[in-house]
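A.B. asks: Annotations per Swiss-Prot:
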- E555: L-isoleucyl-5'-AMP binding site (BINDING)
- K599: ATP binding site (BINDING)
- C896, C899, C916, C919: Zn(2+) binding site (BINDING)
- 57-67: motif ''HIGH' region' (MOTIF)
- 596-600: motif ''KMSKS' region' (MOTIF)
Amino acid sequence: MDYSKTLNLPRTDFPMRANLPQREPEILKFWEENDIYGKVQEANRGKPKFILHDGPPYANGHLHLGHTLNKILKDIIIKYHSMNGYDAPYVPGWDTHGLPIEQQAIKNLGLNRHAVDVVEFRNRCRDYALKYVNIQREEFKRLGVRGDWEHPYLTLEPEYEAIQIGIFGEMAKKGYIYKGLKPVYWCTDCETALAEAEVEYGEERSPSIYVKFPVADARGLFEPRGSSIVIWTTTPWTLPANVAIALHPEFKYVLIQVGEERLLMAAELVRPVLELLGVKDYQVVATFTGSELEGVVCRNPLMDRDSVVILGEHVTLEQGTGCVHTAPGHGLEDYEVGMRYHLPVLSPLDDRGRFTEEGGQFAGLFIDEANKAVVKELEARGALLHFGFIKHQYPHCWRCKHPIIFRATEQWFASIEGFRQEALEAIKKVKWIPSWGEDRIYNMVADRSDWCISRQRTWGVPIPIFYCANCGREIINDATISHLQELFRKHGSNVWFAREAGELVPPGLKCPECGSKEFRKETDIMDVWFDSGSSHAAVLATRPELAWPADLYLEGSDQHRGWFNSSLSTAVATRGRAPYRQVLTHGFLVDEEGRKMSKSLGNGIDPADVIRQRGADVLRLWVASADYRRDVAASENIMRQITEAYRKIRNTCRFLLANLADFDPGKDQVPREEMLELDRWAMNRLQRLIARVTMAYDDYEFHVVYHTIHNFCAVDLSAVYLDIIKDRLYTWPAASKGRRSAQTVLYETINVLVRLLTPILAFTTEEIWRYLPGEDDRPISVQLAGWPQVKTEFLDDELEEKWKRILQVRDVVARALERARQEQDLGNSLNAAVHLYPDADMYQFLKPLGDELATIMIVSRVDLHQPGEEAPAGSLEAPELPGLRVYVTGAPGQKCERCWMVSETVGQDTDHPTLCRRCATVVKEMYMNG
């Protein structure tokens, strides 16, 4: 007889092979055709809101792995909250203005932005941005990210632009907007000013020079003739703009005699400077404090101009001479200290970094050329003491990667000082995750200079300011802003560039200064950080499904100086509080060796390749597996490991489904009080899983979710529970209480796992959902299912502790079995008999388990010996269980053809001579019951 047909073998159509690259697009199509996002929103209407506001990615190029990390994290959070009782809409957005799009339009279309019609150029930029919005939208959707993809927010939309200039107008009305000549970060390659957030630092090799500034008037402190103050600089090209030398008021300065000349520098730096100059013999002539030297006048060795000694707290003794070359047109600290002394602000450069006529003999030279020319001229004039090179961290444009400069130009600024204290107070009321984020942004805001918000480019929102054509008065008021808002809503911001100023001002506008009705308009546009920093007002405050402030902003940690900062500034300036309740940041991407991903290293991972080869769910699991608050590692090897973890989870779910093929939840479920003890333990473990995972989701600790579920599948289920109950599932009568008890656990477990995993493995859980037994009225998608709740009646601390001890015994037995396999050629554990030699306490603990011990250990027989009985030589004792010794022998009897147990009862039933007594009874019952 073929006894395999009498077994309850697992069966399911749920595929063993995931085949995600092919299957995921089908599921994506199902979500779109059935408007799952809309159905989720409808189902959650009226519930408490949870608003995650999407920081807009830049509409330029295809997605990289950083986008993937960010968007999947957001999707995990949204899906969890929507399943757990919240109305959690997700409105994606794009940042669509700015320099990179201009550069691509110029490059791809062969345009000259200075020659082409400005409106035509802006239209080309718009087309380019919208092209990549559409490309990125499809790429984000392919990741399984759920959202209102048909109605995203775009910073180029007319309504958005209208609200943005409204924010600008509100800030101007409060006195926070001003125009001033001030040094700003300037990219000579992009020909525009930059904000702090657009600057990144990298190593640069720069000239290092020590220069003598001859003293013209020592204020009677020492003989000026033959005396010089020594400065050090790494930017020789800025020396033509020098107007002062800054000393620290409290530092000691010495005048030293070196040969025929006298040099003045900080006392602490004399030794390193003279070593560099190769000077061994010198004599200290006089000592002064910085304060005493204030007002001493030197001559700029390059220009026919005085350079006065001033005092500044910014002077340090870390490098140089303690005497700081000061050019207010080329440095913020120089500018600020210069303002106190009413120093002129010189900046003899044009937009491209070329010296103007104001640069005298250096006119026409670019910065690199000027560096060489300045050094050569200093040497010729005998003012150069030392010339060399140093490597140091230097600011670069984060768009074009070229080194940038400080350059004084007329720019528009937002006065951070006007609302700095309010912003600092607002920061304290926000929850920052990780907590160090609070200190980081607090210090940035505390130390931040005023925000340069003007850009000398074309593709952006214009600065909505008019000038009187007669007297030059700047004009911005409620009337001009509201009128422009209406024009922008109707025509978009292109109207500013398409029309003359007279067609843009409200009817009847007069200059409040001179009464003129003739106007011109500002030509600069706004910093794109002002664009995205206005999204809280343009999106959160206007979309009916959203709310202001947001519950959460989630971006990379670089956004403390970027979007978090600009959003905070515009919100505090106009509304008096932060636009977010919580801010969560993730780290950057690195390879396995901790190196930043870059094209030059060739260590990048293209998410499109991973999706093509492994599927989006593998990417999603990778995101969940990482402690993203630190830098996140990615490599081909890591993706392989994640794929293996995915397989483990999938195969566990498949096993659960396969053993529920004949289970009808409506009639076959076994109540708790009738369950076997092992099944009650498994249900207890399941409730603890729900509690632990839910807490981890609440705390945004998705790596804890991943590890907890993975361990539950690998350990609690596969290595313990499922291993033990296989015999019961396969060999017991199909409808027996014991088998149905186990199936009840499997049914509860798969129902919990499919929900707990949905925020992460969105595609796979949708597939599993279709194979769950019973429940014809189940929601169409697992994303519409409720979050699993802890069934407290199954929580049992006593049972937890009891089985913790039983499983310790099981682990020791497993070690003894493994040793026996190696020493006795034991083979399968069912060939074994296990002899337990316990002490009195362990004996009392194990005795009530009786025949269950063999089932738990997955052996054919367990003999529990009396306390005090001596174990044979070679028995195993585990340090963690000193009251127990284990000895393994072969089990007596024959192997049952049906259950594979070795039993002395095999052959006792003559009708079934190859079966053990238990199996023979089951088979006869099956025959009797037809």
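The backbone N, Cα and C atoms fix where each Cβ goes, and this holds for glycine too.
Not measured: the values here are computed from a predicted model.
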A.B. asks: Around the Zn(2+) site formed by C896, C899, C916, C919, list the extra residues of the same chain whose Cβ is within 8 Å of the site's Cβ centroid.
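C.D. replies: Leaving out the recorded residues gives T731, E897, R898, W900, M901, S903, V906, L915, R917, R918, A920.
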A.B. asks: Relative to the Cβ position of E555 (L-isoleucyl-5'-AMP binding site), how many further Cβ atoms are located within 10 Å?
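C.D. replies: 21, counting other Cβ atoms within 10 Å of E555 (L-isoleucyl-5'-AMP binding site).
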A.B. asks: If we check Cα distances from E555 (L-isoleucyl-5'-AMP binding site), which of the binding-site residues C896, C899, C916, C919 wins as closest?
C.D. replies: C899
A.B. asks: Enter the number of other CB atoms within 10 angstroms of the CB of C896 (Zn(2+) binding site).
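C.D. replies: Taking every protein chain into account, the count is 25.
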A.B. asks: For the binding-site residues listed here (C899, C916, C919), which one has the lowest count of neighbouring CB atoms within 10 Å of its own CB?
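C.D. replies: Relative to the other binding-site residues in C899, C916, C919, C899 has the fewest Cβ atoms within 10 Å.
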A.B. asks: Can you count helix, strand and coil residues in the motif ''HIGH' region' (57-67) using DSSP?
C.D. replies: 3 helix, 1 strand, 7 coil
A.B. asks: Is C899 (Zn(2+) binding site) helix, strand or coil when read with DSSP?
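C.D. replies: DSSP call for C899 (Zn(2+) binding site): coil, neither helix nor strand.
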A.B. asks: Across the motif ''KMSKS' region' (596-600), what is the average pLDDT of the model, as a whole number?
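C.D. replies: Overall, the motif ''KMSKS' region' (596-600) comes to a mean pLDDT of 74.
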